[in-house]
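Enquirer: Pasting the relevant annotations from TrEMBL:
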BINDING   His39, Arg83, Arg134, Ala135, Ser136, Val137, His138, Cys162, Asn163, Phe164, Phe165, Ser166, Arg167  ATP binding site
DOMAIN    1-179  domain 'Phosphagen kinase C-terminal'
Amino acid sequence: MEDKIRKVLCGFSDPELKGTYYPLTGMTKDVQKQLIDDHFLFKEGDRFLQAANACRYWPVGRGIFHNENKTFLIWINEEDHLRIISMQKGGNVGQVLQRLIKGLKTIEKSLPFSRDPRLGWLTFCPTNLGTTIRASVHIRLPKISAKSDFKKICDELKLQVCNFFSRKCQKTFLSFCLL
C-alpha cells in the first residue's frame, strides 16, 4: 500500500499539490523534529487500534506527505489507509475544500477508492465508514475560554474543546467538528 500511494503522491504535477513524502521507517531526527514542530507527525495507535492489529509492524509501511505550502497532507496507514487533510489559516473554507477535491480526484485517477453501496466509502476504522468526511474549524477564543462555565456551554452545544501545546505556548482552541 505504501509503495502504491507513494508513487501516486510523488507523481503530482499540480503546483498546489506537489510535495514531499516522508516514510516513517528510516526518518532522520531532523525531519522528525520538523514534522513534530509542524504538528504533522502521528504516533502509534492506542490500545484499541493495537487490539485490531492496526499497528502491526510499526512503523513499516507508514508515512506522511505534504505539499510545499503545508496545506495538503496525507497520512499513510496511520489509522485508515489514507487520511487526506486540506487546511490553511484564515476563513477561506472554499479554497480548502477545492484543494481537497482536487487532491482526491488526482489520487483516484491512479488509485481508486473502495465503495460499498450500503456502507459507503470503506475504511479500516468502522467509525469512518460512509462519507468518510470529517470537517473541523479551529478558532482561538482566549477570553471566553477563560470563563468558568466555558466547558459546560461547549458540552451543551456538542462542541469539542482542544488544548494545543507547543514548546513556546499553550493555547485553548474551540474545535467545531462536523461528522
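Heads up, the Cβ atoms here are built off N, Cα and C, so glycines get one too.
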Enquirer: Across the domain 'Phosphagen kinase C-terminal' (1-179), what is the average pLDDT of the model, as a whole number?
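Expert: Taking every residue of the domain 'Phosphagen kinase C-terminal' (1-179) together, the mean pLDDT is 81.
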Enquirer: Neighbour count, 10 Å Cβ-Cβ cut-off, for Ser136 (ATP binding site): what number do you get?
Expert: 13
Enquirer: When you tally the Cβ atoms that lie within 10 Å of each candidate's Cβ, which of the binding-site residues (His39, Arg134, His138) has the highest tally?
Expert: His138
Enquirer: Could you check what DSSP calls Ser136 (ATP binding site) once collapsed to helix, strand or coil?
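Expert: Note: Ser136 (ATP binding site) is in a strand by DSSP.
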